[in-house]
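Engineer: Dumping the structure here so I can ask a few things about it.
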Amino acid sequence: MKFFFIFFIFLFSFLIQSCYSDNTILRSQSLKDGDVIYSEGKRFAFGFFSLGNSKLRYVGIWYAQVSEQTIVWVANRDHPINDTSGLIKFSTRGNLCVYASGNGTEPIWSTDVIDMIQEPALVAKLSDLGNLVLLDPVTGKSFWESFNHPTNTLLPFMKFGFTRQSGVDRIMTSWRSPGDPGSGNITYRIERRGFPQMMMYKGLTLWWRTGSWTGQRWSGVPEMTNKFIFNISFVNNPDEVSITYGVLDASVTTRMVLNETGTLQRFRWNGRDKKWIGFWSAPEDKCDIYNHCGFNGYCDSTSTEKFECSCLPGYEPKTPRDWFLRDASDGCTRIKADSICNGKEGFAKLKRVKIPNTSAVNVDMNITLKECEQRCLKNCSCVAYASAYHESQDGAKGCLTWHGNMLDTRTYLSSGQDFYLRVDKSELARWNGNGASGKKRLVLILISLIAVVMLLLISFHCYLRKRRQRTQSNRLRKAPSSFAPSSFDLEDSFILEELEDKSRSRELPLFELSTIATATNNFAFQNKLGAGGFGPVYKGVLQNGMEIAVKRLSKSSGQGMEEFKNEVKLISKLQHRNLVRILGCCVEFEEKMLVYEYLPNKSLDYFIFHEEQRAELDWPKRMGIIRGIGRGILYLHQDSRLRIIHRDLKASNVLLDNEMIPKIADFGLARIFGGNQIEGSTNRVVGTYGYMSPEYAMDGQFSIKSDVYSFGVLILEIITGKRNSAFYEESLNLVKHIWDRWENGEAIEIIDKLMGEETYDEGEVMKCLHIGLLCVQENSSDRPDMSSVVFMLGHNAIDLPSPKHPAFTAGRRRNTKTGGSSDNWPSGETSSTINDVTLTDVQGR
C-alpha cells in the first residue's frame, strides 16, 4: 500500500512538471525542449522551435491553428541554442528565463524586470491574442508582456508606440533573413519628435514614413480604413502616443510583418487555400521612398511627364542640370521674390497631399484652420501650414506650421489632405488664375460656356429625335408583317444612329431587315447553323449570290445587348487574315443582327472533339491552325489600331474556312485597352470554364496573359483531341492530366493517334505541347506574351524554359462517352452559353 501511495505522489508530481496542455507556466514549473503550452482557445503556442533545416533552437510564439509555420515573436532571437538541451524556467528573482541547458546558471534571455522575490504566486500565461504575460493570477497585475517587446510582427490588439512614464518604446525590428530571426537592420517605430507619425529606417537612414495622423488614418496610407476589417484606436496625450489595430471579425486571422528587405506587409490567412494572402504593403512606389524628390520638392506617381518629381509652387530646382538628368536629390530652393513677408503674399492650396515630415513642425491643437493661416502669415519664417486632424470626428482642428525646408511631400489621386504653401503675389496669381478677380471671371466664363453647350445639345437632341421618328415611321411602313414591332427601345434608336453614321462613313455597311429576311428565307429552320446565349446563327444567300452567316440577337437574351454593341464597335475596326470578317449589321425594331462572311467548315470544336472529323486533321493542318490562331491573337494584342483582349478564346469561337485557315470570332466579351495598358479588372466575370485564367475566374483580373492562358488550353486540346473541361482518369481536367504525364515523362502518350504517326515529327509536337504548358502556368507573370509564343512556334532551334506548375481551373463535368455536358455547375452561379459561354456575377466579399 505504501508503495502505491509513493508511486501516486511521484506520478502526480511528474504530471505537474511535464503536462503543459493549459496556457500557464507556474513559478515552480519549467518547460524543456519539446514541451509546448497553448493559449486557452488553442490559437497560439509557446515553446522551442527551429526554422527550416536549421538545428538552432529558439523560444517563441507561433500560430497553433495555421498549417504553415508562422512565428510571431522570438525571445532569444540573437542567442540561439545549439541543441535540444534548452530549458525555460523562473529564476530565483522571479524573471522568466531561457537557459542553454538544464544545468545552466546564466540565462541567455530573461524578462529582466524588477526583483519579484516577493511575488511567489507569479505565473507566465499565454493569451489567445498571442501575448505572453507575467502576472499575479490573484490580482491580475501584469509585470511584463511580450506585446511590449515586439520582434518583426504586429498582431491585432497589440499596442504599438511609446509610453513616457514607463519608458516602454515598442519598436518592430526585422529578421536578418527568412531563416534567421536575429535582429535585422530594418526598424519601424512612432517618431517621438514633433507631430506623431510612423517611421521605417534602414539602419540609420530614414526609408519610409506614414505621414501624420489625420484623425482617421495616416495621411501617407490612403488604403488605410477602419470600416471593414479593423477598429483603429489612436492615442496622443502627454504620457502616451500609440496605435492599436483591433479586428472587427474574430474569425479573421491577420498580421503585419516588417521584412528584411524594408517592406511592411499585412497578411490574412486563407483557410481554404491554406496560405497567407498579402493585401497591403509599403513602400508601394518610388514616391513612397523617403524624400525621393529632395527638399521642397514633391512626387506625383501619376504624372504624365517622364519625371515624377516637381518643385513646390514658388520653388525651383537647386541644380537644374541634375533635374534634367532625372536626379532630384538636391531638391528645390525658393525663387527669389520681393513680396515675401511684406503683406502681399498668400497661400497656394495643394489638394490630396501627404504633408511634409512633421518631426520639426510647431503644433497648436487649440486654434482653428483660419487662425492657423493668420498665425503663419504674421510669422516671416513660416513657409506652410495645415490642419492637424483634418478628419477628426469633431471636424478639422489643430494647427501645424512648417519653418524651413519641407521634406517628403507627395500627391495622390484621392485621399491625402489639404496643404497651404506660402507664395509671393506673382506666384499666387499664377496658381489661382490671375488672382481672385481673375478666378471669378473664369468661373463666369465657364458658366456661360456650359449654358451655351447645354442649349446646343438640347437643340441637337430635338433634331435627332424628330429624325428618328421619321426613320421609324418609314421603316414601319416597309417592314414585313412577320416582324411587326411590339415596342421600340430608346437605346436601340441610339445604336441605330451610331450604325448609320458608320454606314455613311463606309466603316460598316447597314443591311435592311427585309434583305436579311429574304437571304435566310425568313430565318428558316433548315438554314439554322447553331445557337448560343447570344441567339441563333443562320446561313443566308444575298441576291448577288454571296453566302453569309447571320448572328441574330435573341429577344430573351439577358446578356446580348452589351455584347452586341461591343462586337459592332470592335470588329468593324479589325482586319486580319485570322479574324472573321464582318460584312455589316442590321438594327430594326427589336431585331439586332451581325452579318459575317460564311465559313463552310464550321468551328474548330466540330473537328477536334469528334472522332470522324478529327481524323481529317493531320499534324500539318493542326500546326497551321495553331500558328494562325496565335497570329490572330498577336494582332489583337499588339498590331491592331486598338489593343484588345478577347476574353473568350475557345475552340467553338475559332471558325475554319474552306482551306482550314482559322478565323477568331465572337468579340462580344472583348475589352479595348489603351496603348500602354496591359491589365484590368471587373466584377462581372464572363467567359468559359476550362479556358478562363485563374486570376480572371477567381478575382476578376484580366490581361493579355488571360488570352495567353486560353490559347495554351487550345494548343493542348488541338494536340490531344480532348476537351479541357472533361475528367481524365484521376485528373480534374485535361491540363492536370497532361501535367501529370509531363512530370512522369509520359507526355508523348497523350498525343492524338488519329493524326497518323507518319504525318508528324515527334520533336515538333512535343515542342508545341511544351509551349502550351508555358501558356497555362498558374502565375500570369510566368506566362510568355503572344509575340514570344508566335516566335517560339515559328522557330525550332531554340531552348524553351521549363514550365512551372499550371493552373487547374475547374470546369463542368462532362460525359466523356458522348462529349455532352451535365448541369453540375458550382452552386450559386448562373450561366448561359454561346457554344458554352459562361457568365458569372462575382459579388464583393
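Glycine is no exception: its Cβ is also placed from the backbone N, Cα and C atoms.
Okay, so Swiss-Prot annotates it like this:
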type: CARBOHYD; residues: ASN82; note: N-linked glycosylation site
type: CARBOHYD; residues: ASN103; note: N-linked glycosylation site
type: CARBOHYD; residues: ASN185; note: N-linked glycosylation site
type: CARBOHYD; residues: ASN231; note: N-linked glycosylation site
type: CARBOHYD; residues: ASN259; note: N-linked glycosylation site
type: DOMAIN; residues: 283-321; note: domain 'EGF-like'
type: DOMAIN; residues: 341-424; note: domain 'PAN'
type: CARBOHYD; residues: ASN357; note: N-linked glycosylation site
type: CARBOHYD; residues: ASN366; note: N-linked glycosylation site
type: CARBOHYD; residues: ASN379; note: N-linked glycosylation site
type: TOPO_DOM; residues: 463-845; note: topological domain 'Cytoplasmic'
type: ACT_SITE; residues: ASP648; note: active site, proton acceptor
type: REGION; residues: 803-845; note: region 'Disordered'
Engineer: Do any residues, 6 or more residues outside the domain 'EGF-like' (283-321), come within under 8 Å Cβ-to-Cβ of it, and if so which ones?
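Structural biologist: Result: 206-209, 220, 262-263, 328-335, 337, 348, 350, 353, 357, 405-411, 413, 421-424, 427, 431.
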Engineer: Do me a favour and check the Cα-Cα span between ASN185 (N-linked glycosylation site) and ASP648 (active site, proton acceptor); whole Å is fine.
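Structural biologist: Distance between the two Cα atoms comes out at 49 Å.
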Engineer: Sequence gap of 6 or more, C-beta under 8 Å: which same-chain residues meet both conditions with respect to ASN82 (N-linked glycosylation site)?
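Structural biologist: Counting only residues 6 or more apart in sequence, the Cβ neighbours of ASN82 (N-linked glycosylation site) under 8 Å are LYS55, LEU56, ARG57, ALA100.
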Engineer: Per DSSP, ASN185 (N-linked glycosylation site) is which: helix, strand or coil?
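Structural biologist: DSSP call for ASN185 (N-linked glycosylation site): strand.
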Engineer: Quick one: give me the count of other CB atoms within 10 A of the CB of the residue listed as 'active site, proton acceptor'.
Structural biologist: 27
Engineer: By CA-CA distance, flag whichever of ASN231, ASN357, ASN366, ASN379, ASP648 among the recorded positions is nearest to ASN103 (N-linked glycosylation site).
Structural biologist: ASN231
Engineer: Cβ distance under 8 Å to ASN379 (N-linked glycosylation site), same chain, sequence separation 6 or more: which residues?
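Structural biologist: In sequence order, the residues whose Cβ lies under 8 Å from that of ASN379 (N-linked glycosylation site) (at least 6 apart) are THR401, HIS403.
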Engineer: Among the glycosylation sites ASN103, ASN185, ASN357, ASN366, which residue has the largest number of other Cβ atoms within 10 Å of its own Cβ?
Structural biologist: ASN357
Engineer: Using DSSP, how many residues of the domain 'EGF-like' (283-321) fall into helix, strand and coil, respectively?
Structural biologist: 5 helix, 9 strand, 25 coil
Engineer: Out of ASN231, ASN259, which has the highest number of nearby Cβ atoms, where nearby means within 10 Å of its Cβ, if these are the glycosylation sites?
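Structural biologist: Of the glycosylation sites ASN231, ASN259, the highest Cβ count within 10 Å belongs to ASN259.
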Engineer: To the nearest whole angstrom, what is the C-alpha distance linking ASN366 (N-linked glycosylation site) and the residue listed as 'active site, proton acceptor'?
Structural biologist: 61
Engineer: May I ask which of the recorded positions ASN231, ASN259, ASP648 is closest to ASN357 (N-linked glycosylation site) if we compare their C-alpha atoms?
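Structural biologist: Spatially nearest to ASN357 (N-linked glycosylation site) by Cα position is ASN259.
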